[in-house]
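Features of the protein shown, as given by TrEMBL:
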BINDING   G165, R166, G167, V233  NADP(+) binding site
DOMAIN    6-120  domain 'Tetrahydrofolate dehydrogenase/cyclohydrolase catalytic'
DOMAIN    139-282  domain 'Tetrahydrofolate dehydrogenase/cyclohydrolase NAD(P)-binding'
Amino acid sequence: MTAQILDGKATAAEIKSDLTARVAALKEKGVTPGLGTILVGDDPGSQKYVAGKHRDCAQVGIASIQRELSGTATQEEIEAVVRELNEDPACTGYIVQLPLPKGIDENRILELMDPDKDADGLHPMNLGRLVLNEPAPLPCTPNGIITLLRRHGVEIKGAEVVVVGRGVTIGRPMPLLLTRRSENATVTQCHTGTRDLAAHLRRADIIVAAAGSAHLIRPEDVKPGAAVLDVGVSRSAEGKIVGDVHPGVAEVAGWVAPNPGGVGPMTRAQLLVNVVEAAERSVR
Ligand SMILES: Nc1nc(=O)c2c([nH]1)NC[C@@H]1CN(c3ccc(C(=O)N[C@@H](CCC(=O)O)C(=O)O)cc3)C=[N+]21
């Protein structure tokens with residue numbers, strides 16, 4: 001038996017169709033949501049993701065604001081563009097594409113953003129609001145994972161979830177979302193300091209693999225029927241992109257999120273959700 005697919009592409013399409021109606025309603029009230037992106041440097045991967053975000057915007061009627069700086073831009077130059085988007089009323093939400101070039105103080109840039117325009121949900125103010133159970137834009141990838149599980153009927157309430165990794169975009173916020181009263185999961189966070197990862201994985205009903213370690217999650221460590229989401233990216237010795245989950249896991253798991261077509265499209269959809277919700281808050 002091979003696992004059922006957590007179809008992020010199809011689920012993202014449903015979310016975008018719902019957002020299209022909400023954007024139309026906002027426009028009737030005189031508000032056009034606008035997503036800004038700040039891209040520094042010419043990394044082809046980053047260019048591709050940013051292009052995808054603007055394609056999504058066009059689909060749902062959100063205006064696009066694109067700012068591009070060369071890879072040699074200074075801290076001051078990037079901060080000037082952040083200030084500009086903070087002031088621009090046409091820009092209701094924006095992201096600074098990460099990672100920024102070496103030598104740039106990323107946290108300083110993120111703190112300078114207007115938290116009410118933070119489409120990634122990663123501003124310190126918004127991470128604080130999440131801890132305090134206050135309304136805030138939610139981190140896109142963790143929120144996308146929860147929506148993906150819910151829409152496929154995977155039970156989160158009472159589930160044993162193992163999150164592998166402690167990065168700022170996924171690993172850290174993921175348990176915060178999963179342990180809200182609305183989700184009620186029990187979460188174990190594993191990382192490179194975990195003594196016996198396999199022992200934790202074997203008990204998990206849901207595994208979120210966000211470690212960036214090739215094929216870290218092996219079939220023999222997955223409980224039959226578990227839901228396994230691969231959000232790790234690393235490069236093999238031959239230079240190929242590999243996930244955290246060994247392909248053999250699909251023979252044991254009950255559910256898997258494919259890559260591509262799983263969590264990636266959901267991340268992009270949640271970004272749009274954050275932009276639309278921020279615009280909706282502004283008209284209330
Ligand atoms: N401030 C910031 N926010 C981010 O959200 C952010 C970032 N920086 N830096 C880079 C990572 C990476 N990321 C992806 C989003 C969607 C896909 C995605 O949609 N992937 C498609 C495939 C896309 C393709 O290959 O054409 C899929 O999985 O099906 C991938 C990667 C967002 N990131």
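Each residue, glycine too, has its Cβ placed from N, Cα and C.
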Largest tally of Cβ atoms lying within 10 Å of a Cβ, found at which of the binding-site residues G165, G167: G165
Secondary structure content of the domain 'Tetrahydrofolate dehydrogenase/cyclohydrolase NAD(P)-binding' (139-282), with strand meaning DSSP E or B: 51 helix, 27 strand, 66 coil
Residues G165, R166, G167, V233 binding NADP(+) per the record - widest CA separation, whole Å: 14
Cβ neighbour count within 10 Å of R166 (NADP(+) binding site): 17
